[in-house]
Ligand code: BES
Ligand code: MN
Ligand code: ZN
């Protein structure tokens, strides 16, 4: 979406777009807006022409400086309750209204939002990208995307141009991740995804990368990702991208690892005909890691990141892995495969151990890992697990309260440590027929962290949404990109 910037209202033919709190006097520019509306702002609200109700968009016409103009208002409710999450919601609803009504031009009066101008600008930039997201589909009659045609001006007494451009990059990271996830699986194979990643980061400042192909993975002992990917014509890849800002010298890197199963049929432990559709989204962890690195590098944040994405397609052929097989992981630990549908933990086992070789101060992995986490926490909370104490998660949890990306910690304990070692023939097993499957899966991955502080995000429920929300349509969400980028930005992971 294009923006232009103004420092005061200019009479144009564009509709004017305002935020409307319960007490409009709380707007920084109450006088100005009231004057534009011929001193009728209070009356317009009192007569219920425009609503101040939170998240409700209403419109009216007004004679503004002798011309008839459309006024579009998003209700903000009680200004005192307008935190970042609330404001994001209101802005999302506002942009979605503009999209639905084909309003591709308009003048947003930022001072009508009764919060810090830079905070308003930041959230406008992010929500403008994500709330009206639309996948550029393969429909013959796909209309041009709203995001490509829309061009709004933002009028603000404070100069917020840089802020909008900076956080637009965060929004773009989320869009990039969603585009990866939405692309059909025949068109987003491990090879295609690896090539796209290489292309995206090719000339990025401070970014270097490496792609390991199937032959290399096998030769170098990445036995788990090799096993998962070997039955597909589309062979696996392990992609590592390193972003190292010169100001981050002397810091150990933070590793971000993503599950990139480009399609999950379940393998011989095959999924049902209702369980298989949507499994194109099983690479959303990888997509979100790419979105994070893209945002952080575009925003030029002074940090050091290793992004690792494990790309494989879980298919069936005469050479597919079977339940009972044993494979040697990159870490050297042997693994008995008891369920070929528990493939995410296998690719992550190798990828997390690979990440640990860069001596990071922290490894975080993101994976659409278990149906169990969806049963436990639903679609709106990501399950988080760590090999550190619970307090270790506090800064992260506090950040999620700002971004609205809720997380909930789930345990890993001696119970799981014992269960993952239940194989009669190998060091570890990828599955036992017992409940508690989200914790079991997390504990399996933990065995590959090599003692590095580690946080695992099970995004099986939150990686996609089944309904439109103010943050975007049904489908891939790009969950956790916002939170993790903000954590890097506020220096939480370094120093
Ligand atoms: N990709 C799935 C998990 C999943 C399920 C993601 C539903 C999104 C929605 C994963 O690979 C899987 O198949 N997990 C199994 C593991 C089981 C066989 C131990 C599960 O959770 O049922
Ligand atoms: Mn599976
Ligand atoms: Zn899977």
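Using the three backbone atoms N, Cα and C, a Cβ is placed for every residue, glycine included.
Any TrEMBL annotation is an automated prediction that lacks curation.
Copied over from TrEMBL, here are the features:
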ACT_SITE  271  active site
ACT_SITE  345  active site
BINDING   259, 264, 282, 343  Mn(2+) 2 binding site
BINDING   264, 341, 343  Mn(2+) 1 binding site
DOMAIN    339-346  domain 'Cytosol aminopeptidase'
### Query
Near the Mn(2+) 1 site, what residues other than 264, 341, 343 in the same chain have a C-beta no further than 8 Å from the centroid of the listed C-beta atoms?
228, 261, 265, 266, 267, 269, 271, 279, 282, 314, 340, 342, 344
### Message
With the Cβ atom as the reference point and anything under 6 Å counting, tell me which of the recorded positions (259, 271, 345) are near ligand 1.
### Response
none
### Tertiary neighbours of residue 282 (Mn(2+) 2 binding site) (same chain, Cβ under 8 Å, six or more apart)
259, 261, 262, 263, 264, 314, 344, 368
### Task
Consider only the recorded positions 259, 264, 271, 282, 341, 345: which of them have a Cβ under 6 Å from an atom of ligand 3? Write none if no residue does.
264, 282
### Message
Cβ under 6 Å from an atom of ligand 2: which of these recorded positions qualify? The list is 259, 264, 271, 282, 343, 345.
### Response
264, 343
### Query
Counting only residues 6+ apart in the same chain, whose Cβ is under 8 Å from the Cβ of residue 271 (active site)?
264, 265, 279, 341
### Message
Using other CB atoms within 10 angstroms as the count, which residue among the binding-site residues 341, 343 scores least?
### Response
341
### Query
Inside 8 A of the center formed by the CB atoms of 259, 264, 282, 343, which other residues of the chain have their CB, for the recorded Mn(2+) 2 site?
228, 260, 261, 279, 283, 312, 314, 344, 347, 367, 368, 369
### Query
List, in sequence order, the same-chain residues at least six positions removed whose CB sits under 8 Å from that of residue 345 (active site)?
369, 430, 441, 444, 445
### Secondary-structure category, per DSSP, in which residue 345 (active site) falls
helix
